[in-house]
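According to TrEMBL, the protein has these features:
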- 6-27: transmembrane segment (TRANSMEM)
- 74-98: transmembrane segment (TRANSMEM)
- 132-426: domain 'NADH:quinone oxidoreductase/Mrp antiporter transmembrane' (DOMAIN)
- 134-151: transmembrane segment (TRANSMEM)
- 163-186: transmembrane segment (TRANSMEM)
- 206-226: transmembrane segment (TRANSMEM)
- 238-265: transmembrane segment (TRANSMEM)
- 285-304: transmembrane segment (TRANSMEM)
- 311-333: transmembrane segment (TRANSMEM)
- 339-359: transmembrane segment (TRANSMEM)
- 379-402: transmembrane segment (TRANSMEM)
- 414-434: transmembrane segment (TRANSMEM)
- 475-500: transmembrane segment (TRANSMEM)
């Protein structure tokens, strides 16, 4: 059974998607329970896999029993196993927290949403664990197509925003496929382990000695940057996540950019190797410029927003710059920071988007609606405060430690402009979230709610505690994620030792 864990982490999601599709005609009332059970089974298998891999080492599963390079392999090493646990856990928390939202946002299409949700999660998990470069493209498209469909069901501009996302995302996937085509022509293989060895033989002194390999690397990078929304390929992201229904945004926003950043790290570590990937100074400089611009652009655009979810979307743009820039600083500390920030930002984004969903449902999504939030929705507000403090980089939250590694790597590399952008972004995040805290503590509701009302003398009554708070079923997953921000921060040393150092080359400085 242990040898089957890599496939068992993904298989329940595929069976669940099939079951809820058939169940639309047979047992529609049970579809939510079936989808939740599939997600729970996937999470349990992912946790068991992570425990096994972190204690015993890498496991490889040959799909259909065919070994590579002919067959497709699922490779579970310490990094991919831990990432699977994070992705499946995030999906489960989102699903459990969004039951009421799903019923109101997709009243006639529950079964379709459940199937698409499970397929999107399966696609993201397959991306994490596959050892085949072409299968990676297929899984990127599975995750993307499912994401387009669930994001299209939302507010009045959701469908148009999702269509824009589809066009841009298809361009990114095509660029990745083109780059892989170049690699296949040069190497004759699509297995990632094979590619790494063959590229090392074809370009022993770096990619500058092979125009075709350098072109392949450049095109692959362009495709990944489009898919993750790096500046200036970001135009689809704020609208797609802002106008979609809350359950869709809470799933896609934490997963897509982080999983694509994970793919970037995988390309550097497992396909090209750091020495080859960083052997083109002009590419490294250009990527750092784009990453710095992404950090600054996202941060300052967030300052101009007047709604919570739109602000979070622009913060997400700056977080993409963190991960991409760290991957190209060319040293161990920065790459450690990038990998750790993938995990940290997944939790932070999930926490904030779940909290934003509660706030939108309870008070409204605009800042002007959030007066007295810490009395009206104290649990949601506390969780949002924890997510905000982690985004700012306050210890002991995990966001502090990822920024520490990134800042150390930037200073070691002499990239002081990137280091300055990191610091400035944290300061802007402090302004953004403390503005929300001020409104939530000292502000008053724009209009009295039914639960607060006005006293007979015409003065507003004190805002009742918990008057707009969400039910426990929505709060429990949010509280688990918020607690995870602290737990991950306290376990930083173990995560870096077991999952990060295990996949970094020993000689990487």
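Keep in mind that glycine also has a Cβ here, set from the backbone N, Cα and C atoms.
Bear in mind that TrEMBL entries carry predicted annotations, made automatically and left uncurated.
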Same-chain residues near the transmembrane segment (339-359), Cβ under 8 Å, at least 6 residues beyond its ends: 79, 82-83, 86-87, 90, 93-94, 97-98, 101, 246-247, 249-250, 253-255, 257-258, 261-262, 265, 308-309, 312, 316, 319, 322-323, 326, 365, 370, 373, 377, 380-381, 383-384, 386-388, 390-391, 398-399, 401-403, 405-406, 470, 474-475, 477-478, 481-482, 484-485, 488, 492, 495-496, 499-500, 503
Stretch with greatest number of CB pairs under 8 Å, the transmembrane segment (379-402) reference, 163-186, 285-304, 475-500 candidates: 475-500
Range from 163-186, 206-226, 238-265, 285-304 with most C-beta pairs under 8 A to the transmembrane segment (74-98): 238-265
Contact call for the transmembrane segment (134-151) against the transmembrane segment (285-304), three or more Cβ pairs under 8 Å: no
Beyond the flanks of the transmembrane segment (238-265) by 6 or more, those residues with Cβ under 8 Å of it: 79, 83, 87, 90-91, 94-95, 97-98, 101-102, 105-106, 113, 117, 120-121, 124, 127-128, 136, 140, 143-144, 147, 150-158, 161-162, 164-165, 221, 224, 227-229, 307, 309-310, 312-314, 316-317, 319-320, 323-324, 327, 335, 338-339, 342, 345-347, 349-350, 353-354, 356-357, 360-361
